[in-house]
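Here the structure is laid out as structure tokens; the discussion comes afterwards.
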Amino acid sequence: MTQFDHDRLLIIDFGSQVTQLIARRLRELNVFCEIHPFQNVTDAFLADFAPKAVIFSGGPASVIDANSPRPPASVFELGVPILGICYGQQVMMQMLGGMVERGHGTAEFGRAYVTPQGDRPELLNGWFLDGREQVWMSHGDHVSRIAPGFEVYGTSPNAPFAITADLARNFFAVQFHPEVHHTPNGKTLYENFVRLAGFTGDWTMDAYREQAIAEIRAQVGDGKVICALSGGVDSSVAAVLIHEAIGEQLTCVFVDHGLLRKNEAQEVVTMFREHYNLPLIHADETELFLSALDGQSDPETKRKIIGKLFIDVFEAKAKEIGGADFLAQGTLYPDVIESVSFSGGPSVTIKSHHNVGGLPEKMGMKLVEPLRELFKDEVRALGHELGLPASFIGRHPFPGPGLAIRCPGEITRPKLEILREADAVYIDQIRKYGLYDEIWQAYVAILPVRTVGVMGDGRTYDYACALRAVTSVDGMTADYYPFTHEFLGETATRIINEVQGINRVTYDITSKPPGTIEWE
């Protein structure tokens with residue numbers, strides 16, 4: 001089964017940071033969807049894509065500005081349901097004859113409450129059962145006059161046209177973001193939309209597996225693939241999937257860059273050689289990486305150095321096996337959106353990612369990224385589909401640059417050893433308390449400061465470290481984990497007593513946003 005066997009929903013991306021969450025919510029409903037940037041959606045594209053429904057994403061622009069993003073007018077002539085979200089509502093209203101105005105005292109950012117107005121359309125089945133709905137707003141401009149044919153079905157204090165619809169054409173538009181978790185009943189709205197559009201929910205991880213295998217075979221042909229295997233869930237699922245697709249045409253390379261956790265290198269090599277029978281080259285390049293990182297403290301510089309050296313190593317290993325045509329990576333959606341908009345649209349860059357921003361434009365191999373359109377929980381579901389053990393699939397994410405981005409400032413061997421030991425104690429504590437599976441990601445960061453302490457009768461002047469643990473569904477947003485004081489106190493005591501070089505332990509309670517999950 002390929003993607004063309006499915007009815008497809010088109011998401012037109014206007015640059016919102018949460019466009020990928022729209023796709024995530026639809027995938028939870030087993031609906032096949034694709035995200036495409038507005039500038040790529042032409043009349044010819046629409047005719048070829050033939051969507052069964054269309055969603056307009058939000059975005060940072062103002063429809064009032066000249067040359068603001070907009071879809072082709074022909075999208076409204078397709079005869080399919082359309083849902084506009086935030087900026088998507090505003091562009092729909094303006095293009096269909098309504099009016100949008102600048103927000104002067106009417107902007108809404110954050111939690112808001114929408115109350116119903118008029119009869120309840122099918123889109124709102126299951127809504128307003130308690131009289132109002134909590135939603136997440138993020139808009140400066142606002143609709144001041146709805147387009148002909150539209151009616152109002154929900155209002156908020158600063159958005160009198162919070163929910164509008166033209167029921168004759170199945171056009172719907174909302175000012176809020178139903179895709180984020182801060183709109184608790186948002187999933188119900190999407191369920192209603194895809195149901196009225198006629199989707200049957202036939203897209204599953206089994207279907208994705210078959211589709212991905214077919215696409216890998218079509219892309220690779222008779223070529224050789226070298227896979228960047230880190231031992232993390234992402235690269236491991238990618239490796240097993242690619243191996244299922246092309247067998248011995250795949251060679252995995254595990255690079256020990258000297259930035260791995262305690263005992264990690266040997267565990268990875270043993271696991272994949274003995275249990276998964278994958279062709280594996282173990283390249284210990286500790287000296288190469290640490291020498292290149294010596295004296296570097298800027299996080300972007302560190303990421304770029306690591307990314308470049310990864311490519312250098314893979315190209316060298318490819319030559320050793322007689323040449324490779326493709327480089328495989330376990331790149332995911334959040335990796336890409338945090339580097340630059342996945343769609344190439346106007347989304348704002350947050351940070352470069354080692355799988356993306358660190359790659360030279362003219363590398364010697366083409367990329368194979370079979371997980372590029374998946375979120376972490378989908379990768380785990382795919383791993384289960386591929387037969388990987390649950391204990392492995394449930395491992396916390398670990399970044400490609402490894403401990404380099406958990407060591408703010410300059411990287412030294414002594415600091416890395418301290419960090420490894422502290423991290424091992426912390427994770428042991430989390431497992432001891434039975435909390436590992438409740439947490440999305442947990443780690444220790446060693447801080448670039450020393451603090452004065454007293455141990456016994458002596459003065460110490462050692463490093464401080466920060467514990468980090470977050471809960472998340474998809475990595476796009478995250479909250480800190482609410483450990484008990486007992487846990488934090490016991491963990492701090494263990495680290496200070498068992499890890500030479502640390503005399504102060506802190507706990508990072510920053511959510512994402514405004515912070516990111518990793519320190520760098």
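Glycine residues also receive a Cβ, built from the backbone N, Cα and C atoms like all the rest.
Listed in Swiss-Prot for this protein:
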- Cys86: active site, nucleophile (ACT_SITE)
- His177: active site (ACT_SITE)
- Glu179: active site (ACT_SITE)
- Ser230, Gly231, Gly232, Val233, Asp234, Ser235, Ser236: ATP binding site (BINDING)
- 8-202: domain 'Glutamine amidotransferase type-1' (DOMAIN)
- 203-395: domain 'GMPS ATP-PPase' (DOMAIN)
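Separation of the C-alpha atoms of Asp234 (ATP binding site) and Cys86 (active site, nucleophile): 32 Å, rounded to the nearest whole number. Ranked by Cα separation from Ser235 (ATP binding site), the active-site residues Cys86, His177, Glu179 are led by Glu179. Rounded to a whole number, the distance between the Cα atoms of Glu179 (active site) and Gly231 (ATP binding site) is 32 Å. Nearest neighbour of His177 (active site) by Cα distance, taken over the recorded positions Cys86, Ser230, Gly232: Cys86.
Counting neighbouring Cβ atoms within 10 Å of each of the recorded positions (Glu179, Asp234), the lowest count belongs to Asp234. Regional average pLDDT for the domain 'Glutamine amidotransferase type-1' (8-202) in the model is 91. In the three-state DSSP classification, Asp234 (ATP binding site) falls within a helix. In this structure, the binding-site residues under consideration are Ser235, Ser236, and the one with the smallest number of other Cβ atoms within 10 Å of its Cβ is Ser235. Cys86 (active site, nucleophile) falls within neither a helix nor a strand when secondary structure is assigned with DSSP, and so counts as coil. Same-chain neighbours of the ATP site beyond Ser230, Gly231, Gly232, Val233, Asp234, Ser235, Ser236, judged by a C-beta within 8 angstroms of the site's C-beta center, are, in sequence order, Leu229, Val237, Ala238, Gly330, Phe398. Looking at Ser230 (ATP binding site) and the residue listed as 'active site, nucleophile', their Cα atoms lie 39 Å from each other.
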